[in-house]
Structures are given as C-alpha cells and as structure tokens.
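The annotation ATP binding site is assigned in TrEMBL to Gly21, Gly22, Ser23, Gly24, Ser25, Gly26, Lys27, Thr28. Feature annotation from TrEMBL assigns domain 'Phosphoribulokinase/uridine kinase' to 16-202.
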Amino acid sequence: MRYDFHMNDARTAPVIIGIAGGSGSGKTTVVRRLTASLGDAKVSVLEHDRYYRDRSDLRLEERAALNYDHPDSLETDLLVQHVKTLRSGEPIQAPQYDFARHNRLDTFDTVQPRTAIIVEGILIFADAPLRALMDVKVFVDADDDTRFIRRLQRDITERGRTVQSVIDQYLGSVKPMHLEFVEPSKRYADIIVPRGGHNDVAIEMLLTLARGLVARG
C-alpha cells in the first residue's frame, strides 16, 4: 500500500492529523484510539467545537436558536492560527465552551506542542486554509441512523439537552448542514473509515500509519 501525503522525509515539525466526519460518526473513538496508540505524551488534541464564536451579546434563548452546524458559527481562523503556533513549537491558550449555555467561557486550556497534533471536528475539511495544514486527513463515516442515536445520547448525557431539543436541532440544522458541507468534504480525505469507530481493521491500519509518521519525526 502506498501513501502519498505531503510529508518530508526529514520531518522536524509535528504531524498534523485531521479527523472529520458527521456528528456521532465515531470521531472521538478514533481520536482516543490514536492517542492511546501514540501515547498521551506525544499527542495534543484540538476540537473544532471549542471554537464556536462568542455570542454573549445574545440571550440564552437566542443563542439556542442559532445554527451551530454552519461553518460561519465557528472561529476557524483562530483555530488555523493555533495550529500554526503549535506547529512552530509554541503552546496555545485554547478556548473553552459551555455547550449547555451555548457560550464561550472566559477560561482557557493550555495546549502544548507535541509530536502529533490531532484536529477533530465535523467541518474541518470544509475550510481550505485549515485543510492545507494537515498531513493526513481521515474521514470517519457512519450511517445516518447510527449517527443520530449517538448524538441524541451524547447531547442528553453530556450537554444537558432535552430529547425534543436534540430532535429539533437535528432536523433544523444538523442534517441539512451535513448534506451541504460535511458529506461533500469527504472528497478531501486521504483515508475513509467506514462504520465509524467500530471498524477495527481500518482503525488498526490508521494506527500503523500514524505510528510510522510519528517515528519519522
């Protein structure tokens, strides 16, 4: 098998791995498997959904009604800047986001530059400048029913949402934006993982590739 990514043989900068896919596709599972395989000390993870725009100028009810699945809802230019900073060997202050209140917090997480930088999110391949920073682009794929059930479970247990609010958001923005932005961005992937985080064969192939790229660093 031949991999033709834009990598230099003499690598000094971190390996930038992009993990994209629809909401509930299993991206987090793949990121965890990658992190465990490479070692926590060698990996920093940046989630795109940390970078939702600060809309503290709006009331909670107004913020809840916004479309959070459109690229414009995210401050992707800041994420691009942060990835470049990590690649240059400097730490960043990554924003924190309150999903229950739909608002950016005043606190930050310090993210250190490491051998591998994993960027994860549904829309990371939809942005050309961000995409250009990635050495390997992975799209985690799963069928619509599976993704919806996973999103429903996650948003209720982790993000304080009601069943009806999750259904309304899915039908009103998640599904339409997936069809408009997420699914078309799959064409930019170097690797597609079918059946999401349960495809052990595909994930093991990805882990082998990632370990090889990190070892070259």
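Quick reminder: no glycine exception, Cβ is built from N, Cα and C everywhere.
Predicted automatically and left uncurated, TrEMBL annotations should be read as such.
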Excluding Gly21, Gly22, Ser23, Gly24, Ser25, Gly26, Lys27, Thr28 themselves, which residues in that chain have a Cβ inside 8 Å of the centre of the Cβ atoms defining the ATP site?
-> Ile122, Val140, Ala142, Arg147, Arg150, Gly196, Gly197
Other CB atoms, at most 10 A from the CB of Gly24 (ATP binding site) | 25
Could you find out if DSSP has Lys27 (ATP binding site) as helix, strand or coil?
-> helix
Judged by the number of other CB atoms within 10 angstroms, which among Gly21, Gly22, Gly26 is the least packed of the binding-site residues?
-> Gly26
Within the same chain, the residues at least 6 apart in sequence whose Cβ is under 8 angstroms from that of Thr28 (ATP binding site) are Glu120, Gly197
Express the predicted model's confidence over the domain 'Phosphoribulokinase/uridine kinase' (16-202) as a mean pLDDT, rounded to an integer.
-> 95
Please report the number of other Cβ atoms within 10 Å of the Cβ of Ser23 (ATP binding site).
-> 23
Measuring CB to CB from Ser25 (ATP binding site), give everything in the same chain under 8 Å that is also at least six residues away in sequence.
-> Val140, Asp141, Ala142, Thr146, Arg147, Arg150, Gly196, Gly197
So how many other Cβ atoms are close to Lys27 (ATP binding site), meaning within 10 Å of its Cβ?
-> 27
